[in-house]
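Student: Here it is, the structure in full.
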Amino acid sequence: MLSIALTPHLFPLQKTGKFFHHRRRLRPEVYPFRADVVRSSSSLQETKKPPPVSSDERRELLTSWESIALPPVKAAKRVVLVRHGQSTWNAEGRIQGSSDFSVLTLKGESQAETSRQMLLDDSFDVCFSSPLIRSKRTAEIIWGSRTEEIITESNLREIDLYSFQGLLKNEGKAKYGAAYRQWQIDAPNFNIDGHYPVRELWERARSCWTKILTHESRSILVVAHNAVNQALVATAMGLGTEYFRILLQSNCGVSVLDFTPKPEGGTPDICLNRLNQTPSSPVAAGSSGGRKASMRIILVSHGTSQNDGEGGIPLSRDSPMNMLGVIQAQKTAELLLDVKVGSIVSSNAIASVETATAISRVQEAADCLGADCVPRYVEMKQIPDLDVDSILKQTKDDSIRFQPLESGWLRGYEDEITRALWDKSGVAWKCLLDELSKASEPQNVVVAVAHPALLIAMMGHCLNLTKEWLGSFHLDAGSVSVVDFPDGPTGRGVIRCINYTAHLGRWSIPITRSTLDDEDF
């Protein structure tokens with residue numbers, strides 16, 4: 001098995017140029033819920049059947065997490081979210097919720113140490129932590145020798161699951177039957193002990209942002225839990241409870257959110273710089289949202305090309321990769337070595353084809369390490385619908401091609417260009433789903449290599465968003481993003497990671513530099 005070495009210095013603050021603005025993002029409908037203040041419960045007693053909700057009570061459930069507006073920020077802020085390391089109850093398969101009986105395992109301590117190394121040189125100003133032992137210990141390990149005090153925030157505790165807490169998962173299934181089934185397949189409407197845990201969590205997460213963003217710090221570390229970190233990412237971006245278990249958070253997975261002020265004030269522009277960068281490989285076998293996934297699409301941003309400006313927006317239609325791009329492509333191929341890829345599709349852009357070819361060569365050699373082996377054939381395809389360079393080149397703002405590849409860089413393009421990009425990416429995404437469906441075996445992995453702008457847009461289609469979200473995601477050259485399909489290609493995609501770059505090591509494009517005394521990132 002290939003050993004992937006993770007490298008520190010991946011998340012410091014990035015200095016960028018001007019701020020870009022975009023229209024107010026549309027948000028999907030969310031479920032209403034009661035604005036209760038809930039207490040964590042460690043009870044293992046049998047749950048009482050919750051009383052039915054009358055029509056009058058339903059009309060009272062008007063307060064939602066969306067009513068809690070994100071506060072404006074005076075300067076750009078970066079918030080790094082980390083889930084705690086593996087706990088004893090994680091290892092046992094026991095439902096934790098907001099109970100506080102589990103501690104980190106030796107593996108969990110090791111995961112936290114790996115995250116500490118990844119974040120060692122990040123100039124964090126402050127650390128917020130859940131009060132639960134497993135999270136506090138993870139925060140202490142990552143915070144290391146920093147002298148600033150860790151701030152404990154009760155609302156960062158894990159989701160309150162009431163009578164479910166402390167049960168083994170098979171016990172929950174046996175004891176609660178239909179309720180446990182609803183928790184698995186319809187979590188936003190799951191009701192236990194008279195509470196809707198996911199709806200309460202979304203409100204609690206949104207309220208956390210008020211405390212986090214109004215803190216004077218600009219570089220903020222938050223160490224918490226699986227469900228609450230999902231809710232923090234979703235509520236920051238304006239996504240409702242239907243996105244629960246769609247944006248995965250693995251043990252010690254790191255997610256990064258950038259908040260950029262608007263000149264007129266109000267809710268800042270928000271960009272998910274990366275999601276769930278884990279201490280272990282993002283393509284290792286595992287479950288997605290608690291379900292086994294046998295079908296997967298891996299999105300690969302092609303390596304940097306000879307026409308790319310230093311850290312600028314890649315325009316690679318007629319340009320081969322430079323030396324950095326060649327190394328990035330090879331590192332990505334090595335990362336995917338332990339994955340049995342069914343097919344590789346790419347755009348016609350030279351850099352994309354070269355990256356796809358590097359992946360194909362390693363894949364075909366993966367099963368050919370002995371004297372009598374037969375190389376495995378991996379189908380490669382070039383699909384014109386994955387080529388968007390011709391669209392991006394239509395911009396009237398020539399400076400956009402040479403500015404640093406900052407968070408939310410797609411906001412700089414004109415509306416007609418983003419509309420064309422969105423429409424073409426919809427066709428491209430359908431092509432990938434069709435390719436995933438063609439497999440004769442139950443397991444299939446499709447690798448798609450293309451321009452990061454197209455990959456961002458396709459993730460938007462996967463999440464059922466609109467083009468107004470294009471500036472809400474970020475991808476670097478050579479990055480890997482993984483989408484699992486536990487219910488098959490016709491089911492809903494689960495995002496395992498976005499903009500994973502740890503495999504690039506020292507050859508990743510730097511995403512941080514000191515911002516001391518700088519006006520903005």
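For all residues, glycine too, the Cβ spot is worked out from N, Cα and C.
Per TrEMBL, the features are:
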BINDING   Arg83, His84, Gly85, Gln86, Ser87, Thr88, Trp89, Asn90, Arg134, Lys169  substrate binding site
ACT_SITE  His84  active site, tele-phosphohistidine intermediate
ACT_SITE  Glu158  active site, proton donor/acceptor
Student: If you count the C-beta atoms lying within 10 Å of each candidate's C-beta, which of the recorded positions His84, Gly85, Ser87, Trp89 ends up with the smallest number?
Tutor: Trp89
Student: I need the nearest neighbour of the residue listed as 'active site, proton donor/acceptor' among the binding-site residues Gly85, Ser87, Arg134, using C-alpha distances.
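Tutor: Out of the listed candidates, the nearest Cα belongs to Arg134.
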Student: How long is the line from the C-alpha of Arg134 (substrate binding site) to the C-alpha of the residue listed as 'active site, tele-phosphohistidine intermediate', rounded to the nearest angstrom?
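Tutor: Cα-Cα, rounded: 6 Å.
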Student: In sequence order, which same-chain residues at least six apart have a C-beta under 8 angstroms from Arg83 (substrate binding site)?
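Tutor: Long-range Cβ contacts: Val223, Ala224, His225, Asn226, Asn229, Gln249, Ser250, Asn251, Cys252, Gly253.
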Student: What is the total of other Cβ atoms whose distance to the Cβ of the residue listed as 'active site, proton donor/acceptor' is within 10 Å?
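Tutor: Around the residue listed as 'active site, proton donor/acceptor', other Cβ atoms within 10 Å: 25.
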Student: Find the longest CA to CA distance in the recorded substrate-binding set Arg83, His84, Gly85, Gln86, Ser87, Thr88, Trp89, Asn90, Arg134, Lys169; express it in Å as a whole number.
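Tutor: Of all Cα pairs among the recorded substrate binders, the widest measures 21 Å.
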Student: Please report the number of other Cβ atoms within 10 Å of the Cβ of Arg134 (substrate binding site).
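Tutor: Counting Cβ neighbours of Arg134 (substrate binding site) within 10 Å gives 29.
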